[in-house]
Amino acid sequence: MLFRSWLTFSFVIAVVQMVLAGLSVLQHDAIFSDLLRQRVSVIAQTTATAFKPLVDLGMPLSMMRNGDAVVARALDTDPEIEFVHAFDASGAIVHSTMADRPQSVPPVVLKAMRLATAQGWSAETSQRLYSGFDIKSRSGEIGGGVVVGYPRDRLEEVSQAIVRETAWTALAIWAVFSALAWPVLRLLLGAPQRALGRLEKTLLEPEGRREPVPGGGGAELSVGARGLFGPEIERLGRNLDEAGQQYARAREDLDGAAAGRVRDGAAGSEGGSLVEGAEVAVRGAADPSRSLARRVATRLAPVAALFILLSALLLGLASLRDVNQSIEPELAARTHLIGSVVSDNVQRALAAGVPLDRLVGAESFFGDMLTRLPEVAYIAVATGRIVLEAGERIDPYLAPARERKDVRSHPIMQDGEEIAYVVIDIDPAIISKRFVDVFLDMSVVVLVSVLIAFEIMVLLTSRSLTAGLDRLQRLAAMQAAGDFSRRAGIAASGSVDRMTRLLADRAVALNGQFARLWSRTRSSAGGRAALEQVAQRHALSSSGAVPLRTTYFTDLRLALFLFAAADHLPLVFLPLYTRAAEASWLPFEQAVLLSLPLAGYLLAIVLVSPLARPLAEWLGRRPLLVLATIPALVAHIGLFYATSVPEIVGWRVLTGLGYALVTLACQDYVLDTVTGRERAQAMGLFTTVLFAGIFSGTALGGVLADRLGQENVFLLSAALVAAAAVLVARLVGPADSGIERPRARMHLPPILPTLRSRRFCVLLFGIAIPNNIVLQAFISYLVTLILDSLGASTADIGRSVMLYFLAVIVVGPVAGRLASRWMSMTSLALLGATLGGSALLMAALVPHEVTVLLAIMGAGVGDAMGRVSLVPMAMNVAENELQHLGPNAVLGTLRTLERVGSIAGLLAVAMVAGQFGYAAGMATVAALSLGGAALFGAHLGAGRKTSAVIDPAR
């Protein structure tokens, strides 16, 4: 037990180090690539400016006679540049630094240019980075562009250095924590392991030489064993002792039946109660709160969480240091580039005879460059006084500038003499923000790595440490109750396994002896009657002992976590992926087109949900779980190859089908493995794991899309779905709680009868539908488009959307306690709807990255309050006005109608956003949320006068 636990801890620490190291490298590469492309975009912008006068006159770029010389000047700015192309609006290259000039720019360049919301744009392939700038006329018409190709050599070199540093650091941290885990686990598990050894010794010794059994014969366990697994081991000791006695009685009864003797009354009534107790023991062992696996995992969870968290934090801090050191030279190079570009352009103007103080448009040009590199706060050309400037001063003392520390300057030469110099001020707040962004990104990576590692720890702990103990406990409890109907075929590799094998051999031997006696007494009615009594007393069968099956949610939770993560990996970039697809022939506005994949996904969930339980009854829970992953797997692969909007919509419909079947089958599996009084706790655990997977997928989706490319994320999603299917097929057994359930039938939800209830309608249109519209129309649709229009990267969008799910996870339990102590469910729901709607309205009125983040968090807090209160209020309606329909029918109708309402709301918001902009779309969501709150609040106020309130407390 100790060695297995140590192996589990070491393996999980290694997993968290590998996952975190890989994600850290990806995050570093995303940051460095972004910085590099921004720097190169300044060169593209400078080159494009030289062609603008030609475009303003309506002339093609090919008319510039020295066009090749213009683009060649960019090579002097940075010798690592691979090529510079000037191309027309069709993509045909008209000027280039390459001797063997291509006919047109690569398709990836045209795609990036077409999708860009600003003049500057960039793209990345496996060979090089591209940064470009549109050449627009005064009327705003695009006459062409300039693209700079930059080799990935610099990025690859820096990335490999980070990989080496991170790998060595991760290996050292793993070695240290793996070594520390041994003494800690020895301290925790040493005493229980010795107690189990004594149990084995007692069990294997002959009857007359046995020592007292711990817990059963008075022997005391050590403090460590009693503190950690003491009660379970004591109970096991008593059960083993009683199992031995029952085994002796069963042999005696079989021998007596063979000799024609029957022990009337000796164990008759007792035997009946023992077998009944065995059935209770079987159901109780399947109960997650009473299983030994759950108890051990709960007691070891703090230790595991501490090791995982500390090892992840150490590697995260080390990676943060390495990333900051890696990007510092690039930040300095960006500043040097600004100075060089300004100096070169001013010198060319002076060489053309333009006086320094008459450089028309220079300050505007400087300002455009400041938008490219936001950490540069101020640019000035000085001769002892300021001649040209742009931005806001950070350093108030500019002269003598070149001799001051921390002030960058570049000389401007004419006829071999310096006549001016360039002064650049760096905004320390922007630089600090860069490092804060890096810290936040690394924090997200650490958090996701910890969640993944913890799920793996729970599974491995259950399978390697507690599964054997629990199997032994169940067999001992059943045999102690006189039930020898089960066996367990395992290899005897440890004391627990050897004891289990002994108990299984006893069951096999008794059933084998019974079968032989049964075949010998075919012609003897009296002998058969005696054997039937023995069989009933000890649960024996002529067909032999059947395998013991154990089912726990811990076998399923990692698969559920991976599937939820896979489903939500594309969430933050799906509208952008759809926008890049071919849709020129579809008669819809772009905003509506971008909402169709999500609408199709939700529609599939609505249509398939009623089929989930009947299919599970027909196929079985495990077969349905495996089969349901097939459409999800195929859909993610199809999305990788999709090139048009209809293809994306179709594959997303198939994804929704798989998601609905998998999540509902998992939910039913959980309900079928526990008894009624523990279902609330099991469903709470199910929801926690599901949201942890959604949270992790959302957080990682943006980071992975930035580095791997959006389409490649779908392949990773497919791989995660395949891994979940393998885990289900290998680990999940048939669910059986020992409770007979009525066979499910497919039926449509009673929509019309429920809508006749005014209280149900108020709950539906006031809380349920508006909350779901906030999730689908705002979080899953508008947030991506709004933040993208504000210049956020895909990783930034993922980190922002993650805040919503984090708020739901954190605020949900707090809101539940708040409702149970300080306020009613109705007040909590009203407060949540008002809070979420107000945050959205603020962001709609003042669209900014900060207000959008506040709206996301406000929506998450409001949704958490609504989730906590919605089901209890719906149950209250079901138990009063709609009690003739039953709670299941009412809840099913509520879920169906809120999803249908969210689809209608999503399409309506998309149409508004297409006509009036994203801010108007956000205002529409806010209006729906606040309007629903007003409806609910009005009903609440009227209900207090008539006592018709939806509050469960009433």
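The chain as shown is numbered from 1 upward.
From the backbone N, Cα and C atoms, a Cβ is placed for every residue, glycine too.
Here's what TrEMBL has on this protein:
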DOMAIN    552-944  domain 'Major facilitator superfamily (MFS) profile'
TRANSMEM  167-189  transmembrane segment
TRANSMEM  300-320  transmembrane segment
TRANSMEM  442-461  transmembrane segment
TRANSMEM  558-578  transmembrane segment
TRANSMEM  624-643  transmembrane segment
TRANSMEM  649-670  transmembrane segment
TRANSMEM  682-701  transmembrane segment
TRANSMEM  713-733  transmembrane segment
TRANSMEM  760-781  transmembrane segment
TRANSMEM  801-820  transmembrane segment
TRANSMEM  827-846  transmembrane segment
TRANSMEM  919-938  transmembrane segment
## Note on the structure
Note: vs the transmembrane segment (919-938), the recorded stretch with the largest number of Cβ pairs under 8 Å from 300-320, 442-461, 558-578, 649-670, 760-781 is 760-781
### Query
Do at least three C-beta pairs under 8 angstroms join the transmembrane segment (558-578) to the transmembrane segment (649-670), pairs 6 or more apart in sequence?
yes
### Summary
The mean pLDDT across the domain 'Major facilitator superfamily (MFS) profile' (552-944) is 85
### Query
Between the stretches 300-320, 682-701, 713-733, 801-820, which wins on the count of C-beta pairs under 8 angstroms to the transmembrane segment (167-189)?
300-320
#### Entry: Winner by Cβ pairs under 8 Å against the transmembrane segment (624-643), considering only 300-320, 442-461, 682-701, 713-733, 827-846
713-733
### Interface present between the transmembrane segment (300-320) and the transmembrane segment (801-820) (three or more C-beta pairs under 8 A)
no
### Summary
Per the Cβ under 8 Å criterion, with at least 6 residues separating them from its ends, the transmembrane segment (300-320) contacts 5, 9, 12-13, 16-17, 20-21, 24, 28, 165-166, 169-170, 173-174, 177, 180-181, 184-185, 188, 438-439, 442-443, 445-446, 449-450, 453-454, 457-458, 461, 465
